[in-house]
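Listed in TrEMBL for this protein:
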DISULFID  Cys176-Cys185  disulfide bond
DISULFID  Cys247-Cys256  disulfide bond
DISULFID  Cys311-Cys320  disulfide bond
DOMAIN    174-219  domain 'DSL'
DOMAIN    224-257  domain 'EGF-like'
DOMAIN    288-321  domain 'EGF-like'
SIGNAL    1-22  signal peptide
Amino acid sequence: MMINAFICLLFVLVSCTQFVHCDYTAEIRIFSYGNPRKIHRSIGAGNSLTYCCCDCQGQPTCCNSGAAQSCAHNCNTKVLICIADKYCVTSTYMAQGNQTFTNTAFGNLANPIYINVPAPFTQVKQLFQFFLYKSADSMPLIKEFTENLYIPLGDTEEFYNEENFVSLHHSITYRCSDNYYHGNCSVYCKAYDDNTNGHYTCNSIGEKICLAGYTNTSNNCLERIIVCREGCHPTGGYCTVSNQCLCNNGWTGTNCDISTTCSSCTNGVCYEPNECTCNHGWIGLDCSTPVCDPPCNGPGGRCYSPNNCSCYENWSGRLCDIPPGDSSGTGTCSNTTLLLSILDTVNSINEATTCSKDNATALLSTVLSAVNGSGSVVHAVTLITLITIHCC
């Protein structure tokens, strides 16, 4: 007679709400289990309890009422491990009465065994049950090991249970499942680096951290951080990729800093719409008026470009201050009375026996007055010459 054995590990859990998905993993590591007497418990007529050999072939007595029953053949044991009575894994049959595991498979199950639970991690009641059964319709209980305790998330607790003829040595560790975080494993964060799901990683508490070059965690870091080319005008230019400068409507130039709405700005740059900033040497709303410094003289000419005078017909000189008919190039004295006064002063100095400092000062003052009054450089040259001849 072939008897199949079940090991069942049950947990009482609290489910997540319908609004928050949670997920944690129970890691169950089996170190050993044993049924050295190779028997199972059987409930007979009138609920009488007897113990029978798993395989009665060759046994003079298959069942008796004592747990001291010892049989010749190992039980074919099947392991069933469940959490919350619905998240289960099942092994294939193993024909051993005693078994020790060192990171080796538990039947067809890898050891340790991982079971994902879509529920929040919380304090749990741990109920361990060890079953043997004869057929699919019969699961006679061999032994139930029950423990109520709290295992903190990430900690490992080890258990060794042995009563009568059955033993079980195992450990349990609770961890948040992959991509779940927080104290009850209720925060989901899975790292991505593509243009569909986003460009981010996750920190230790499940917060999204954008990868370099991306921003906006609320949108899964799908927005690129774009830095336009250095010098690109903040109003006139924009960029769709880094180190680029594209012009908005109404702007032109390498850095999109020239407004096309200032087309009349002939000698300047329009950095803002309809505001012309003139180049050096130009003035006016549209920068069309040149500046000559010193200015062109009176009616003799005009300033046609920065510091360049254009003389009218018959006028000459750098400042167009030599009138028509002045072949000497000295111009016409327009202040004859003043000039005669200066000459009288020079003559009085000439008649003196000495040229005093005070007389020279008085003469120089008169010269300057003559220059300011006439506006002629020629006058100044003439009078300075007189001072040199008569006073020095």
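Heads up, the Cβ atoms here are built off N, Cα and C, so glycines get one too.
Because TrEMBL annotations are produced automatically, they should be read as predictions rather than curated entries.
What TrEMBL annotates, mapped onto the structure for a quick look.
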residue: Cys176; record: disulfide bond; Cβ contacts under 8 Å, 6 or more apart: Asp23, Tyr24, Thr25, Phe121, Leu153, His182, Cys185
residue: Cys247; record: disulfide bond; Cβ contacts under 8 Å, 6 or more apart: Gly236, Gly237, Gly253, Cys256
residue: Cys311; record: disulfide bond; Cβ contacts under 8 Å, 6 or more apart: Gly300, Gly301, Gly317, Cys320
Local confidence of the domain 'EGF-like' (288-321) - pLDDT mean: 87
Sequence-remote partners of the domain 'EGF-like' (224-257) [C-beta within less than 8 Å, at least six residues beyond its ends]: 213-215, 269, 271-273
Listed disulfide-bonded residues (Cys185, Cys256, Cys320), ranked by Cβ neighbours within 10 Å, top entry: Cys185
Counts of helix, strand and coil residues, the domain 'DSL' (174-219), according to DSSP: 3 helix, 20 strand, 23 coil
The domain 'EGF-like' (288-321) - residue tally per DSSP class, helix then strand then coil: 3 helix, 12 strand, 19 coil
